[in-house]
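Features reported for this protein in TrEMBL:
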type	residues	note
TRANSMEM	14-38	transmembrane segment
TRANSMEM	90-109	transmembrane segment
TRANSMEM	121-141	transmembrane segment
TRANSMEM	153-174	transmembrane segment
TRANSMEM	248-269	transmembrane segment
TRANSMEM	346-364	transmembrane segment
TRANSMEM	399-419	transmembrane segment
TRANSMEM	501-522	transmembrane segment
Amino acid sequence: MELVRGRDPYLQELLWFAVCCRVLTLLLQASALFNLLIPDHAADAFSPPRLAEPGFCDLLLEGLLGGLSRWDAEHFLFIAERGYVYEHNFAFFPVFPLSVRAVAEVALWPLQWLLRLRSRLLLSAALLNSLFSVLAAAALYKLGCAVLRCRRMAFLAALLFCISPANVFMAAAYSESMFAFLGFSAMWHLEKGQSWHSGLLFSLASGVRANGLVNAGFFAYSRSKRFALQLQVGPGSVSKLPPFWRRLLSLGSSVIFTCAGIFLPFVLFQYYAHMRFCAPGTGLSQSIPKPLLQLALDKDYRLAAVDRFKPPWCSQRFPVLYSYIQEAYWNVGFLRYFELRQIPNFLLALPVTLLGLGAAWTYLTANPRHCLTLGLERRSYEEEQGEDKTGTGFCCPAVLVYVVHAAVLLLFGVFCMHVQVLTRFLGSSTPILYWFSAHLLQEYEPLLWSEGTDKETRASLSEKSVLGDCLAGSSEKGISENPIVRLLCSYRLNTPVTKCILGYFLSYWLLGLILHCNFLPWT
């Protein structure tokens, strides 16, 4: 696989660190302190009945990985097992549960004599998300190298992703890890000019989470920027370009077709929902087990159309079930979460909000003209030469589109969503959270100033196992060259900025495991 090929010592160390973090996450959520000894909270969440009596191996697996099946994970596992039975199941997109079911039926088929389907689905989700989170870290590193043009900052940002505040959702049976992998990979391929690869990955991402639709803006901006720069070429170069009308037609057609491909999974999913609920006389209730029908009666869950009864959204001009579910079931809408009783949730989202706002402000003040022109202005030769010397890192011109993307998601999340989900919403959707945190660490932490050149760092990394040296105490200096581990080993010497950033990442990493795995409210 292109993502993990090569002998890049940064990438090799990143993959090792990511695997260690995944293993540690699974061990902690299954440990006595986090899952077995802490009693589960009696949450009013979706909890369908188990139709088959679990065996000994099923109970053992539930004890080990049961913490990964809380809250929305129940929806994904239920969809993977039973399909879309209830109306509110359609808030969860199909690519992730289909992938979980495929792995459970194919790769884990030999375990069918030991584990029932539901247990195999849980194991499948844990394995898939462990894989996707490691690959997402690698994709973020590759993307950072292409955009930031600073491998050390890209490496640091990818390491921060491994201890993301949204860590528990990267491990649980949620779609965040798959979405992060697809999104970061698509952005990386687009930066390399591989439009078709990028479009395919963006399309798959929109079948994983609804906010994948926003990623169409990356492709539209990339094409528009190329077109705008071509309009500003010198007179000698104009004759070498195709006619204006042909370039304009190429721009319009490529943007329309690619964006249509990105929107296609969402449209097909809504069409499937419309056929299930708005087409009369389906008679699907006859194939639903009685315990699930009873659950629908007890909880007032709506099933597919029966006896010509249609839900109210079917009569809307644009019958989109997803937006109806968000409004009717979870009261999602503009300013609907601005209530006094939601202040604790706003405080929970405050750190990621401050990081997002800080990133936007830092970039805007560093590149005011570039932001005002939307990066569509061709720079002079002198400016390009100056950029070659200084235009690396978080404030380089190429970061603009990612800052705008993160700002749009942040504003939408604050004003139109349940604000506590902002941490995982941004943590799995944008690289800005990790790039800006890495920028702050490199800007304000003296312990990172002595890393030397890229060449020197590569040599030190290739001579020894970075993480292993710190853990085993075999480093010549007694301190690991892995910047995150080194900062943690020297925590008392860190600056307040470093303590705040690492404290935020690690506290949410740990608290998420403790609370989420025991059905306690979390982000």
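Including glycine, each Cβ sits where the backbone N, Cα and C put it.
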Looking at the transmembrane segment (248-269) and the transmembrane segment (501-522), are there 3+ C-beta pairs under 8 A, with each pair at least 6 apart in sequence? no
Same-chain residues at least 6 beyond the ends of the transmembrane segment (346-364) whose Cβ lies under 8 Å from its Cβ atoms: 165, 371, 394-395, 399-400, 403, 406-407, 410, 413-414, 419-420, 422-423, 426-427, 432-433, 435-437, 439-440, 504, 508, 523
So, taking each listed stretch (121-141, 153-174, 399-419) in turn and counting its Cβ pairs to the transmembrane segment (90-109) that are under 8 angstroms, which one gives the highest count? 121-141
Looking only at residues six or more beyond either end of the transmembrane segment (399-419), which have a C-beta under 8 A from one in the stretch? 147-148, 187, 211, 214-215, 217-218, 221-222, 330, 332-335, 337, 342, 345-346, 348-349, 353, 356-357, 359-360, 363, 367, 370-371, 374-375, 425-426, 429-433, 435
